[in-house]
């Protein structure tokens, strides 16, 4: 019932309704170095006063095509590239960044899987599922149905959490965990949960007396590195698709 309520609230949110309250997202992003601390919770908001970077640094003209006024450089990896004006509305901008992160993370996992899978088995990635010697030779219908069911469940929870943050870190939402705290957002930033479960190596924080404490400086550096690698991986996947259409593989194109 709570999930259904959150979805209904999301449908009437500024993201879809375009209400004036969406401007609050901009106001929040302009707070410089603000830190909100609650028990076992840490929120870091990066300063937006840094100099804007351009995707065409040598060009000093072009208006919003080169230097969009709605992008202030506060987002990690923001180089002012938005020729279609998709991020004019702050609420849409927040959603597009969330989508970019998710697609980029899947692309990075896919690129590694494609190279390792073919190097191990010798089977092209676009034929692996139908290979007789595959670990789990499912039919296309079974594979598609299973993926839609599992991914639909995960994505629906992410959708609800986007409009109602932390609503999914409850016991019933994580039946395999004895404590919902392992799946709570430890950084307070959308898309970067951190914590003992999502940052087990402590790359962006440290554990002190069993409590995960995020490191703002490390987190900002890793967010920039992640979005750069994510974009490269998405471009790589696009190239892999074109190669697959010609019956070629990434390793084959490299002569390996």
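Using the three backbone atoms N, Cα and C, a Cβ is placed for every residue, glycine included.
As recorded in TrEMBL:
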{"type": "BINDING", "residues": "100, 103, 226, 231", "note": "chlorophyll a 1 binding site"}
{"type": "BINDING", "residues": "105", "note": "chlorophyll a 2 binding site"}
At the Cα level, what's the spacing in Å between residue 226 (chlorophyll a 1 binding site) and the residue listed as 'chlorophyll a 2 binding site', rounded?
8
Between residue 231 (chlorophyll a 1 binding site) and residue 105 (chlorophyll a 2 binding site), what C-alpha distance do you get in Å?
9
Considering all pairs of residues in 100, 103, 226, 231, annotated in the record as contacting chlorophyll a 1, what is the maximal C-alpha distance expressed in whole angstrom?
12
